[in-house]
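Reviewing the structure listed below.
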């Protein structure tokens, strides 16, 4: 008896859930009765297993987000299930509503579904099939343009969209002539975001002049339950189209493979054979628009098992889902196996560090993986979507203790072979045909080789509305051309060799056109010839490179230097051509002898002959793969053993090298992880590895950030490790979901003696002659610096700026550099004032006592009259605990200084993110009462907003303790300076968009939702010039010497001045900008134009932020939070008025024109 068979027998005896899932042969056989139509097969399936659980989904609870005041949902660590009978009743209600309700959905009507896999998705899909309608599952992560193409081609009567995909679906569906209904599934009405999306969808369709009913799936089911029993569709014949699955594969534009009702019926009936005796409980994490996702359904449903669905498409919960569901069957893809292997390897290293030998560590780690991670019940499994490397397959099979079934199939034909052996049925016949251009022939020895052509009972009749493409993929005898070159090692037994069109599928599922890559890389400096090599069992590419003659001569005695120079050349070329990270060879072999026709390496036209190349270099390249894989395991183990004893930068560099499978000479500290071939998935693995090595959280956003090279990652880690200060965990507790204002008490940051003496300190000086300013080299900070220098010059005072630097001179140089070289008069003024009134001190706000020595600290405590504190680590990705040091502890140290020796009023720069969406936000209220709790989450700017909120709380605590005067300013978008040339924030979203509009010369009719009949909606853009903001902060902060004041520094005017207005002004100023009515067309052309810009302009454009513009934005009507206090103060103090009546300024045409001048000063225009 095998291990799997023994475990099965044990579970049958001891596990009630396993027992209850034993397949019922009578039900399974009932699905195979000749003549049954699809609706009848599905009804028999759902009825036969009526009492069994069919699908599981994660429970959720509604909670109020303390940051936004909005109701959101939170995952709970438990699955709920519904039974086959309940599923049948829900489907019956849907059919009744579709057949008897208004806006009926009939047989042969098209129903498109957009969303990730879920029980709701399956319910709608099965209802569509049983109604005789045509099911069209579409990608939930496609672009609007791609979805629109597919929707316009099929013109569905009903679009079903998940709540999370609703915006995307509606934008793509605009203009569909047959569309009558939109059904929203996975909709949670208690969630504010879902309710608003539903309302927005209705508004958007109505404004577009479309009479479309938008309703939730729950409403459809509830209405259907009140209607007569529906009729199962059995009319017509079973050769009608029942399913259209869009596939792009390797050839770009999506195309819809059609499937008849007969074929879909076969999927749902004869698919029972592989699982007739195995109880199936599985976890489905693949999308249902992909064949592999549907295989997971069939595997569970037909034998009466249960299919659990992951709640997140990014697989972030997959390990927890496995533990909760305890599957009996594993369907895996290579990237998931990689995740399991990384978990296993980490555990092996930990066990060996504890003293275990390699063999026992391997056994223990695999046992824990099998028993704890996967739940101890897996008795069968299969691999799909791409081949798995031999070592990975060996790892997984040795962990699970059974053979993993390796499936090969294609969307267009279904399953073709299992473990290399042809699947009969459904395959009717196959053949190999010569591929002479690649050198593959059926006469090859020892085995015939050629492109595999398949004739299958389950093959698509063709692509929907694409007769010319259909004709291309089927030969005259009805065999489908797979594009895969195979070797026939025995009758009905095949082995994969190559791709006919030189497009291969890597282990993570990405298609790579190697011939195109060769064309790109042969144009790289230093490269004469290149052969790009891949293996579908590997996640990355290799290459053989012949350097140019000049390169060979230059590096005659330095092959390592030559390889590094060529590698950098490839990286630059990849960036210039916008290649994906996986399209960059991870390593390569240097060849000094050119490829020639005479050697048989090149065809007569000069193209590489791949079989000859593989024959000559394949062994060495495969060995390089094996060496890199072995080195990765050994290096990661060594790193874990030595991380605490070595320089951090060495460990970080070698960790990146090992993780990405690169050679030891391939990675330098100045390299960026993404440029080395990393992607978001490997960045997550890298983050976990760094946490294991250093016990420090390094978020994926830090790793993939545009400025984060490996050296900066090391600095980040070092700062986090060496910090011996209050932390988020010490203040709030570890791994908390909510933080409370009452946890932020001063005694957790400041010594008791300082706090005890604070109440007896002398009152602040009425004459402010010495001011301490932090963050002076930031965008706002440089103008606060100049403003204070100008004011202090009138009283012969002094400004002390704390700036990070190696020493005071270096800090001064960094401050001066912040002003740039775009306005000489500004620089001259700064230097003249600085000589008499400025002192720069090298400091670090995240360090105790601001990182200065005791003498400097004591001098600052004695001499400073006022503190202005704009310094912060501004990062909208990092979590609260990562920002706690500079932004919370740093503010506490400012308060410590303000309460040492003499009291010093504090001006504190916060952010509007603190106030955004907090219900009934009080501009000048006590933040501890206005926002007493905050939710810790992964939302945009959640960590940053919470860290600035914490600073406000600490200042309130200090004010209560001893009356410390404090002024808080919450700002939003800060715009360019109206006087000084070139003084804009080059990297902010506003500057990037204006630059991009002028460079590309195209803009949409409107950037906002809601326009009708070509009219633009009234909207407002929020922003204030930096010179006004600087004057307001300085004036109001200086005026407050006793109390506590808070101001929301925003532009509150409902003035109709929007981005659309800015486009008009640019056109009026003579810039050529074409207006494009269709937003999606504009976006597509805009993105193409941006990608075609030269490197420097592309980096400065809005391209990195383009996701924010994928759909038109909602029109704003003034400020999002109260500004009454700020506006009154501006008027009372006549800020920006030259003594006349004052008000918060509007954005005007002169400011937009000034932006263009500033961009020219930076040589960007």
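Quick reminder: no glycine exception, Cβ is built from N, Cα and C everywhere.
Predicted, not measured: the structure shown is a model, and the values here were computed from it.
A strand conformation is recorded for residue 496 (AMP binding site) in the three-state DSSP classification. Look at TrEMBL and you will find 290, 385, 411, 484, 496, 497, 498, 499, 505, 607 tagged as AMP binding site.
According to TrEMBL, the domain 'Carrier' annotation covers 646-721.
The annotation O-(pantetheine 4'-phosphoryl)serine is assigned in TrEMBL to 680.
Secondary structure from DSSP puts residue 872 (NADP(+) binding site) in coil. Positions annotated as NADP(+) binding site by TrEMBL: 777, 778, 779, 780, 804, 814, 870, 871, 872, 910, 944, 948, 971.
For the pair residue 804 (NADP(+) binding site) and residue 505 (AMP binding site), the C-alpha distance works out to 48 angstrom. Residue 779 (NADP(+) binding site) sits 54 Å from residue 498 (AMP binding site), taking the C-alpha atoms as the reference points. When the binding-site residues 777, 872, 944, 971 are ranked by how far their Cα is from the Cα of residue 505 (AMP binding site), 944 comes first. Among the binding-site residues listed here, namely 777, 870, 872, 944, 971, 944 has its C-alpha nearest to that of residue 290 (AMP binding site). A 10 Å cutoff on Cβ-Cβ distances gives residue 870 (NADP(+) binding site) a total of 22 other Cβ atoms nearby, all chains included. The two recorded residues, residue 496 (AMP binding site) and residue 870 (NADP(+) binding site), show a Cα separation of 61 Å. For residue 505 (AMP binding site), the Cβ neighbour count at a 10 Å cut-off comes to 19, with all displayed protein chains included. Secondary structure from DSSP puts residue 971 (NADP(+) binding site) in a beta strand. In three-state terms derived from DSSP, residue 505 (AMP binding site) belongs to an extended strand segment.
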